């Protein structure tokens, strides 16, 4: 017989033991009596032992830092969730999928899946006070999903920072008397360049606008590359902008939430100021009302199209930011008694309202472009980078004082991108330093290592063929893999840790048990929704392309390896955990199944 005393948080098990009924929030120790038998090791008796009061946690470390103010946390979550996709993705989806009718499936999926998953991640991080990997001490066999979301956030950082560097490049280029994307007489222009004033160019597929050529030939220099196998060297202009972005990220994150919580006061609020200013200017332009009418026009017949519902579900999955580990990391720095339920409702609602509000800004200018050039709205309406780096700059260039409006617009893009990038970086940093405790004392150096590594990989995206690398990363880094990660996360919480135990945790924090609606969503609705989305993602997969360029087979293989590398963390860690537990494998397997499903 062997007697050993260990902290609860350090126990190695497949599912965490049942919590004591006491509501005390301090750490407890359990005296374990282990009996060695022929078939392995079994726990036969436990006794709670009150530890000596201390200012440290069970690991012997200092207490976890918390946000300076509650508003710091709220602004950080809002700043992360509200990103560039709110401006360039949602308005276009709404326009092409029935206008106001698109809000029906969007709000439906928001209520049954978006908000419950958002609430779940905030509560999970706040109760366990760990990053994306460390929170799975409640069910260690699922810790692999924590490493999955950390890897996804890291991969996204490789190309997301490049978008911010584009915005910074445009910002610097706007400090001039005449914007460089107005005419076709620049060194980067091709013979195909044609101003909108030449109406014949609208129907000529070989003609391109000065704004489009500025983005592709003046900024990206894609004309100097023949494809992804011909990248060339990094361009010093974009490399310099990328370096500035990396420096901004480092000094925003190096001291943890104490510094990032102050930065978001600017980065999270500035976009709302600029969007409001742009809307007030936009609605005064000729044709703006027609654009807004097209944005809001209701076509309920479009709801009979399954693709509309799939796109609404996809938008919900990605717009709220679940599955990146950011919400878990941010909420882990909350006070234990913080009302995470109220935070989830407020921040997720603000995110959706921002998407809807930005549509008025976007389509007021698109309506103006349609009116000015006497073309149909669908000729100028587009989503993605083409909207914010081609169409919108082109519209701004026609306004009086265009340079001032351009500076305002690209400052908005810069702030939209920075706080989202900060969130992704914080997910990686918090997740790893909480898992590897020795890194806590070296946060500044570890943060420097992460941002420098990200910068070096991102250099591939600022070469002449960098847009091809960017497209490949965007297609594979956070598509199916993030849906898979959130699915496993939901299954781990609802079916292995148990909805009842999770509800007990929330009640211990905020004094209010989640209602039956939330518990049903966590246990049945959200997992089924996510499973459906994973299946649809595989079924509707199309190889990436950039315009008419199709990626070679080897590039698609690299992309799939990238996606699988993050998803594989789930089974690999589960196998590792099973192999390192004491006892014979068949006995462990039985114990895993019994202890897991006995919690249901």
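The count begins at 1 with the first shown residue.
Each Cβ is built from the backbone N, Cα and C atoms, and glycine gets one as well.
Taken from TrEMBL, the feature transmembrane segment applies to 73-91 (among others). Non-local neighbours of the transmembrane segment (73-91) in the same chain are 67, 122, 163, 257, 260-261, 264-265, 267-269, 271, 295, 315, 318-321, 326-327, 330-331, 333-334, 338, 343, 346-348, 350-351, 354-356, 358-359, 361-363, 383-385, 387-388, 413, 416-417, 419-420, 422-424; each lies 6+ residues outside the stretch with a CB under 8 Å from one of its CB atoms.
Annotated Na(+) binding site per TrEMBL: 79, 81, 82, 86, 319, 351, 416, 419, 420, in sequence order.
Beyond the ends of the transmembrane segment (103-124), by six or more residues, the same chain brings 77, 94, 135, 303, 308-309, 312-313, 315-317, 319-320, 322, 327-328, 331, 340-341, 343-345, 347-348, 352, 356, 486, 489-490, 493, 502, 505-506, 509, 514, 518, 521-522, 525-526, 529-530 to within a C-beta distance below 8 angstroms of the stretch. Per TrEMBL, transmembrane segment is recorded for 103-124 (among others).
The feature transmembrane segment is assigned by TrEMBL to 145-172 (among others). For the transmembrane segment (145-172), same-chain residues at least 6 beyond its ends with a Cβ under 8 Å from one of its own Cβ atoms are 84, 131-136, 219, 237-238, 241-242, 244-246, 249, 323-326, 385, 388-389, 393, 406-407, 410-411, 413-414, 417-418, 420-421, 424-425, 427-428, 431-432, 435, 450, 454-455, 457-458, 461-462, 466, 469-470, 473-474, 477-478, 481-482, 484-485, 488-489, 492, 562, 565-567, 569-570, 573.
Long-range Cβ neighbours of residue 193 (disulfide bond) (same chain, at least 6 residues apart, Cβ-Cβ under 8 Å): 184, 207, 208, 209, 210, 213. TrEMBL lists 184-193 with the feature disulfide bond.
Remote same-chain residues near the transmembrane segment (236-253) are listed as 161-162, 164-166, 168-169, 172, 219, 259-260, 263, 418, 421-422, 425-426, 429, 447-448, 451-452, 454-455, 458-459, 462, 466 (criterion: CB distance under 8 Å, separation of at least six residues from the stretch ends). Under the heading transmembrane segment, TrEMBL lists 236-253 (among others).
For the transmembrane segment (265-289), the list of distant contacts is 72, 75-76, 78-79, 82, 354, 357-358, 360-361, 364-365, 367-372, 399, 405, 408-409, 411-412, 415-416, 418-419, 422: same-chain residues at least six beyond its ends, Cβ to Cβ under 8 Å. The feature transmembrane segment is assigned by TrEMBL to 265-289 (among others).
Remote same-chain residues near the transmembrane segment (309-330) are listed as 73, 76-77, 80-81, 83, 85-86, 89-90, 93, 97, 102, 105-106, 108-110, 113-114, 117-118, 121-122, 124-125, 131-132, 135, 146, 149-150, 152-153, 156, 257, 303, 348, 351-352, 355, 423-424, 426-428, 430-431, 478, 482-483, 485-486, 489, 529-530, 532-533, 536, 540 (criterion: CB distance under 8 Å, separation of at least six residues from the stretch ends). The transmembrane segment annotation in TrEMBL covers 309-330 (among others).
When Cβ-Cβ distances below 8 Å are used as the criterion, the transmembrane segment (350-369) is approached by residues 78, 81-82, 86-88, 90-92, 94-95, 103, 106-107, 110, 272, 275, 278-279, 282-283, 285-292, 294-295, 319-320, 377, 380-381, 387, 391-392, 394-396 of the same chain, each at least six residues removed from its ends. The feature transmembrane segment is assigned by TrEMBL to 350-369 (among others).
According to TrEMBL, the transmembrane segment annotation covers 404-424 (among others).
Within the chain carrying the transmembrane segment (445-470), a Cβ under 8 angstroms from the stretch's Cβ atoms is held by residues 154, 157-159, 161-162, 165, 216, 220-222, 224-228, 230-235, 238-239, 242-243, 246, 249-250, 253-254, 425, 428-429, 432-433, 439, 546, 549, 551, 555, all 6 or more beyond its ends. Taken from TrEMBL, the feature transmembrane segment applies to 445-470 (among others).
Beyond the ends of the transmembrane segment (476-499), by six or more residues, the same chain brings 15-16, 117, 120-121, 124, 136, 138-139, 141-142, 145, 148-149, 152, 155-156, 158-159, 317-318, 322-324, 519, 522-523, 526-527, 530-531, 533-534, 537-538, 541, 544, 559-560, 562-564, 566-567, 570, 596-597, 599-600 to within a C-beta distance below 8 angstroms of the stretch. According to TrEMBL, the feature transmembrane segment maps to 476-499 (among others).
The transmembrane segment feature in TrEMBL is assigned to 520-541 (among others). Outside the transmembrane segment (520-541) by six or more residues, the chain places 109, 112-113, 116-117, 120, 310, 313-314, 317, 479-480, 483-484, 486-487, 490-491, 493-495, 499, 502 with a CB less than 8 A from a CB of the stretch.
Nonlocal intrachain contacts for the transmembrane segment (553-575), taken as residues 6+ away from its ends with a CB within less than 8 angstroms of a stretch CB, comprise 141-145, 147-149, 151-152, 155, 228, 468, 472-473, 475-477, 479-481, 484-485, 488, 543-544. Marked as transmembrane segment by TrEMBL: 553-575 (among others).
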Mind telling me which of the recorded positions 82, 184, 416 has the densest Cβ neighbourhood, counting other Cβ atoms within 10 Å? 416
Near residue 420 (Na(+) binding site), which residues of its chain come within a Cβ-Cβ distance under 8 Å, counting only those 6 or more away in sequence? 79, 80, 82, 83, 84, 160
Among all protein chains shown, how many Cβ atoms are found within 10 Å of the Cβ of residue 319 (Na(+) binding site), not counting that one? 23
Within the same chain, and leaving aside 79, 81, 82, 86, 319, 351, 416, 419, 420, name every residue whose CB is within 8 angstroms of the centroid of the CB atoms belonging to the recorded Na(+) site, in sequence order. 78, 80, 83, 85, 321, 354
